[in-house]
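J.: Sending over a structure as structure tokens; questions will come in a sec.
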Amino acid sequence: MALLLTMVIALTCLGGFASPSPVPPSTALKELIEELVNITQNQKAPLCNGSMVWSINLTAGVYCAALESLINVSGCSAIEKTQRMLNGFCPHKVSAGQFSSLRVRDTKIEVAQFVKDLLLHLKKLFREGQFN
């Protein structure tokens, strides 16, 4: 009985070593890039019915600004996973209608073009090793 109890305790302790750990930023960025590639390659109809989003400044705070722009697009299942992934990169909670100083508020572009621009920028960041 004592041996069985010892084994249960040992397995419980070892179970902590096998538990999932946070995804490294490089892996998360690579997964986001792959998702954006899938979106841009699998377009048969206009992405999100041609919805328009605010253009963003890609030089700083790109993840939160991109999420702020895309969060206002509703009813578009093609970008839902991208929204969730961007949410993981953004340190603060983003809600619909939120405005950022990083957004270029006078320019709206189609979601498809926004995704392509974001993809090119994220590929550049990945090549340069800028994962955060």
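Cβ atoms are placed via backbone N, Cα and C, with glycine included.
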J.: Among Cys64, Cys76, find the residue that Swiss-Prot gives as the disulfide bond partner of Cys48.
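T.: The record-listed partner cysteine is Cys76.
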J.: From the list Cys13, Cys64, which cysteine is recorded by Swiss-Prot as disulfide-linked to Cys90?
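T.: Of the candidates Cys13, Cys64, the one Swiss-Prot pairs with Cys90 is Cys64.
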J.: Given the recorded positions Asn38, Asn57, Cys64, Asn72, Cys90, find the one whose Cα is closest in space to the Cα of Asn49 (N-linked glycosylation site).
T.: Asn72
J.: Can you tell me the CA-to-CA distance separating Cys90 (disulfide bond) and Asn57 (N-linked glycosylation site), as a whole number of Å?
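T.: Spelling it out, the Cα of Cys90 (disulfide bond) and the Cα of Asn57 (N-linked glycosylation site) are 15 Å apart.
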J.: Given the recorded positions Asn57, Cys64, Asn72, Cys76, state which is nearest to Asn38 (N-linked glycosylation site) when distance is taken between Cα atoms.
T.: Cys76
J.: To see if you understand the setup: which same-chain residues, six or more apart in sequence, place their Cβ under 8 Å from that of Cys76 (disulfide bond)?
T.: Leu47, Cys48, Asn49, Ser51, Val111
J.: Taking the Cβ of Cys90 (disulfide bond) as the centre, count every other Cβ atom within 10 Å, in any protein chain shown.
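T.: Its Cβ shell of radius 10 Å holds 16 other Cβ atoms.
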